[in-house]
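> Please find one structure pasted underneath; my questions will follow.
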Amino acid sequence: MCASVWEISRGATLFPEVLQVWFDFGHDQVFAYLLLSASAAGTAMARTLKDMDTCTVSNSFCVQSDIAISLGYAAFLFLGFTSLLSGFRLVCFIINGSRFHL
């Protein structure tokens, strides 16, 4: 967040532009895949616990785990969208020499 504030206030990036677009794209990809794998692992564990009759009417753990897993998948969709945007910026940089398409 501090890097974003610095970039907006100074009008320049921390790294050279060619490195910055690859850095942004790479980190978006890594975080999206990490989030997807964490959500998949949580889904597998929740299904295992449900099969062992851990969930009862008075146990709110299963409801909370279902909510957490669904929020994890929703966050993955958001990160997937940001990965598309950073990929678009990367392709614009490769084609035009600038990360902005205009």
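Cβ coordinates come from backbone N, Cα and C, glycine included.
Note: TrEMBL annotation is automatic and uncurated.
What TrEMBL records for this protein is below:
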DOMAIN    2-78  domain 'Casparian strip membrane protein'
TRANSMEM  30-49  transmembrane segment
TRANSMEM  70-96  transmembrane segment
> Give the nonlocal contacts of the transmembrane segment (30-49) in its own chain as ranges (CB under 8 Å, at least six residues past its ends).
55, 61-62, 65-66, 68-69, 72-73, 75-76, 79-80, 82-83
> When the domain 'Casparian strip membrane protein' (2-78) is classified with DSSP, how many of its residues are helical, how many are strand and how many are coil?
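Residue counts for the domain 'Casparian strip membrane protein' (2-78) by secondary structure: 62 helix, 0 strand, 15 coil.
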